[in-house]
Every structure is written in structure tokens, then in C-alpha cells.
Amino acid sequence: MSAPHSALQAELDAAQSPYLAFRGIGKSFPGVLALDDISFTCQAGQIHALMGENGAGKSTLLKILSGNYTPTQGEIHIKGKAVNFTNTTDALDAGVAIIYQELHLVPEMTVAENIYLGQLPTKMGMVDRKLLRYESRIQLSHLGLDIDPDTPLKYLSIGQWQMVEIAKALARNAKIIAFDEPTSSLSAREIEQLFRVIRELRAEGRVILYVSHRMEEIFALSDAITVFKDGRYVRTFDDMTQVNNASLVQAMVGRNLGDIYGYQPREIGSERLTLQAVKAIGVASPISLTVHQGEIVGLFGLVGAGRSELLKGLFGDTKLTSGKLLLDGQPLTIRSPIDAISAGIMLCPEDRKADGIIPVHSVQDNINISARRKTLTAGCLINNRWEADNALLRIQSLNIKTPGPQQLIMNLSGGNQQKAILGRWLSEDMKVILLDEPTRGIDVGAKHEIYNVIYQLAKQGIAVLFASSDLPEVLGLADRIVVMREGAISGELDHEYATEEQALSLAMLRTPNIATNTASAVA
């Protein structure tokens, strides 16, 4: 075969092969096999989702693709040729860019400087500001953004930061762009803009890898889905008409969707927490409801319904402006979180990273931070033995996945951080647990574990009041669903009869119509 013909054949073969291929990728750390023989392919002009529980190996694979990690075994092929990335520069030069959840930008620098960071245009040994602005405007225009390139990044929104990160990738002519949980901090409008840009990048023939726990995003965007479990490849769905929530969950966790909530009936006791015409800051109307011992009550509503504000008021984070609280039939006054904790009322907040954990402290410290006030020695010294034993007990009983009690909690997954917060309150004399978006940002498998913990608390007679914007979660978990709209209760549904249609109808009613029964709640 002649040399020109061989070259032509090689070019044709490359054109017909997948743009990106993972061939037997493995990655080991001391004592841990993070990835085991991962093989799948991605096509140009395709949005390819990666799904799996936390710890399934998605992020590790992206770090190998970006040059942050070197695989223990296997190869990555781009356009039919094996590549070997020993650092991130190698990957960038090969046209690979990763848009991480924690954006890698410099707030004090301008938009233009961030876009061309590491490759600023120069003229006579100086940064060519005119060319920098010109080139930056081209990249921003490509994304449909009207932003002054000279604006310091710190003055932009998180959504705009993300667009700058994408512009930075395009400035390096990235043909493979991976997004790792990109919508976690975005508003609905910013998410819509991001999706528009991602679809445009697909139309340009780029390979898009997309990692998210949010199934609605996966189904809205993806052309194919590859599922990982415990560091291993499970399967690829390349026909989106043949996949649904149930089949995807089954592939991810090995359980049917109905098993995730695993509703557990139990004995409901007497009234534990009673709200009589209670108003809180951000809650427009007086709220009256009761949660019994061993009962799980879910608060559902659309954005602005007042669910989080009510829970914050009950915990003393914000002020209750009127009404009465009863705990086990006795009047209760709550002016601060200390009052609530002393009464046995605990809160797992909506934003666990900002309000629930102390990121730079250990798992042990985060579990013991509340109980510490009761366990100090006579000399006001920390009782290290008790704290170590208590932390180990909570880690084992809640199956918190951590290398050890001294691991920084910021290094744990969202599900394990949430379990550590629950472990903190198990050290208290808990009567009521308030949970605000208890499984937001948590993978399906960890959700199942959180639900089991909630059921166990309820079986111990603890009253559970939780707020969630995940309607299937509310319907699957709660004994009763209290629906709120614009700071008022618009209806109430019983677990046995509640449907998504009823709950959404109540959430969108224009006039509050308090209903106390089952299917008759919505006329």
C-alpha cells in the first residue's frame, strides 16, 4: 500500500471512530481502587452524561481526562489516537477543558484576563490590552454575553463566572468540554442560559461530558448516559427513548425506584409540636399545624412559599413574630437556637456547607460541636475520650463514609456531611427534628440512607418536620404533606391518597384553601 493511500485510510478511520474513547481505565490509590477497567466512547456533537452515586468514580475519571491524575492502567483515545496527559497543560493543549463546580478563576482580575489567563497576548514584551479586549469580546459574543471585558470578575454573578469559565475553554479551542455539577449554585434563569450554551456547543460538533445528580437535567440535555457504580462501568444508554427514571436508578444503585423511599408505616403517638397561628419573618400568614410523636410531616411548595423561613423561625434562627408554640402540650418560647436545642428541637439547614458544617474542622469536631457544652471537664477542657467514642459511634451507626474521625468534613460527599449533621443531633435529647431540603445535592444511594435514618428517628418517637422541593421525595417519605403557597398553608394531603397532581394544584392555588383530608383536598 502506498504511503499517501495509507495516510488517507488512517484519516478515514479516524473520521469514523469515536471522538473520545476510554479504554480499560483504572486508577488506584493506597488501599483504594477508585476506577476499575472503565471503557466507553463519546461522539462529536453529543452531550454524554455521566451518572452514579457519590464515590462511583465520575470525578476521578474527569481528573484523569484533565491531566490532574495519571491512570494506573488503560488509555484515553482522542480522534483514534492514544494520548498521555501528565499534567493539565497537556490536556488543555489537546483541547480538553473541565468546568468544575468550584470555578478556577481569579476574582481580582478582569473578565478578559481570566479568559486568557496563561496565554495573554503581548506586544513588545507588554500585555496587548487592545487585542486582549478584542479577542475576549469575540469569545463572550460567541456565548451571547454582553459583558465589558474590563470588568473585574468579582462584580459578576456566579452564573456569569461560569460563562467566563466556558469562554476560557473556547479561547483554548477546547473540543472536549466536561461540566461537573454546573447548576448547583445557579438561578433558574442562569440554568436556562447555561443549557442554551451547552446545546450550541454540541451543535458546533464538540464533545460534551455532563455530570449531575439532577435527573431532570440529564433527561433535558443528554444524548447518551453512562452509569458508574463503585468505580466500575455499568452500562451506557445511547437511545434516550429507552431510558426513564426507574431504569436509570436501577442501573445506578441496583434497586428499583420505589425502593428508594421505602415508606415505613409506624405507630403515631400524641401531639409533640403544635403551632397555633404562628408567624415568622418571611411567612405572610399565621401557620397552624401539629406534628405528632413518630410522625413525618413534609412541607411542600414552590419557590417563595415560606417553608424554609418557617423552619428557621421554629429553630430560633429568625424571630417568630406572633402565635404560640406548644411542645408536648406545654407552652414554649424560642428566641434563639440555644432555646430550641435546649427544648429538644434540632435543625438540619438548607445550605449545609454554609450553615450546617464547619468545613475546615474534622468530622469528629462537627459531630460533637453541640454536645461539647455538656461534656466539658470541670476545668472547662474538652473531654477527648468521650468525643472520640461518640464520633466513632455516630460514624458507625450512620454509615458515614470517611477515612476516619479526624478527616476534614469538607472532604466528604454531601450525603456524608448530612449524616454527620444528623449524628450531631443524635447526641442531644432530641424531640423534634427539622430538616430543610435534607437530600439536596445528594446522590440516589445516599438519599436512601438518609431516608432510613429519618424513619429510624420517627420510630423512636421523634417528630419529623421537613421541607423539600423534591415532590416525589415528599410524597414517598411523609405521613402527611402540608402544602404552602406564598407564606400560607393551602392544603394538606395524607400519604395514602396524595398525588403529584394534587400537591402541585395546591401549591399553585391563588387563594389559600386549607384542607384537612385526603383526596378531597383539591376540588
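Placed from the backbone N, Cα and C atoms, the Cβ positions cover glycine too.
Just so it is clear, the model here is predicted, and its values are computed rather than measured.
Swiss-Prot annotations:
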{"type": "DOMAIN", "residues": "20-255", "note": "domain 'ABC transporter 1'"}
{"type": "BINDING", "residues": "G52, E53, N54, G55, A56, G57, K58, S59", "note": "ATP binding site"}
{"type": "DOMAIN", "residues": "268-511", "note": "domain 'ABC transporter 2'"}
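For the binding-site residues given as G52, G55, G57, the lowest number of other CB atoms within 10 Å of the residue's CB is seen at G55. DSSP assigns S59 (ATP binding site) to a helix. Cβ environment of S59 (ATP binding site): D180, V211 lie under 8 Å away, each six or more residues apart in the same chain.
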